[in-house]
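Under the heading domain 'MPN', Swiss-Prot lists 105-227, citing sequence analysis as support. Under the heading motif 'JAMM motif', Swiss-Prot lists 176-189, citing sequence analysis as support. Annotated Zn(2+) binding site per Swiss-Prot: His176, His178, Asp189, in sequence order.
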Amino acid sequence: MSSQGITLWPDTLAPREKLLRYGASALSDAELLAIFLRTGFPGVHVMQLAEQLLEQFGSLYHLMSADHSVFCSHKGLGNSSYSQLQAISELAFRFFSSHLAQENAMLNPRMTQHYLQSLLVHHEREVFLVLFLDNQHRVIRHQEMFAGTISSVVVYPREIVREALKANAAAIILAHNHPSGKAEPSHADRLITEQVVNACLLLEIRVLDHLVIGRGECVSFAERGWL
């Protein structure tokens, strides 16, 4: 029996056809993964394989960040798939980095969120990161400022202001992760944000947003009207 590839599917079911007709954003995680995998193996359709892998790993993120040996231990995956997926992940990260260094980060908040998610979501402890922006809101650099435990991180507003001055930043975006996976901000998150905003105001440095990164989700203080 031959491998069950996408080319054997009816057009109405083929992810490639759906992508060309409606765009990549119209596809589910499983459909995107099926395009990457190309074929299944005897008795298992490529779409079935994609769905099985997402169920086994728990999410697309956990699949893409899996250890090499763990990744290759799953039937249908191997060194070639691992190398290609890591290359795709790195290309996406470099694309975000390059774009944000040249464009206004606030013109495409979703891209900024994806970029910050790629920086923070793999951490098993809370990490507080700052994006330093110029007066056109282009990214100068990012810095992981503080690291904490699995449930909290201590943040010092003075240190953030000091680094902003070093970077000659006109504005900043704050971000930190919740290793629990739930992105809903805590009362402490709102309090420290207020403290950072007040510290930056004294030097006319704007805090444009504070993003809380969970597993597959992100909460923006700016979008909620908290800044």
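Positions of Cβ are set from backbone N, Cα and C atoms, glycine also.
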Item to complete: Would you identify the secondary structure of Asp189 (Zn(2+) binding site) according to DSSP, in three states?
Response: helix
Item to complete: Going by DSSP, give the three-state secondary structure for His178 (Zn(2+) binding site).
Response: coil
Worksheet, complete the sentence: Quick note, His176 (Zn(2+) binding site): same-chain residues at least 6 apart with CB under 8 Å of its CB -> Leu120, Glu126, Val127, Phe128, Leu129, Val153, Asp189, Leu211, Val212, Ile213
Worksheet item: If you run through the domain 'MPN' (105-227) with DSSP, how many residues end up as helix, strand and coil?
Response: 37 helix, 34 strand, 52 coil
Worksheet item: What is the Cβ neighbour count of Asp189 (Zn(2+) binding site) at a 10 Å cut-off, with all protein chains included?
Response: 21
Fill in: CB within-chain contacts under 8 A for His178 (Zn(2+) binding site), separation at least 6
Glu126, Glu184, Val212, Ile213, Gly214
Worksheet item: What mean pLDDT does the predicted model reach across the motif 'JAMM motif' (176-189)?
Response: 94
Worksheet item: Which residues, in sequence order, are found in the same chain with Cβ within 8 Å of the centroid defined by the Cβ atoms of His176, His178, Asp189 at the Zn(2+) site, excluding those residues themselves?
Response: Glu126, Phe128, Val153, Asn177, Ala183, Pro185, Ser186, Val212, Ile213
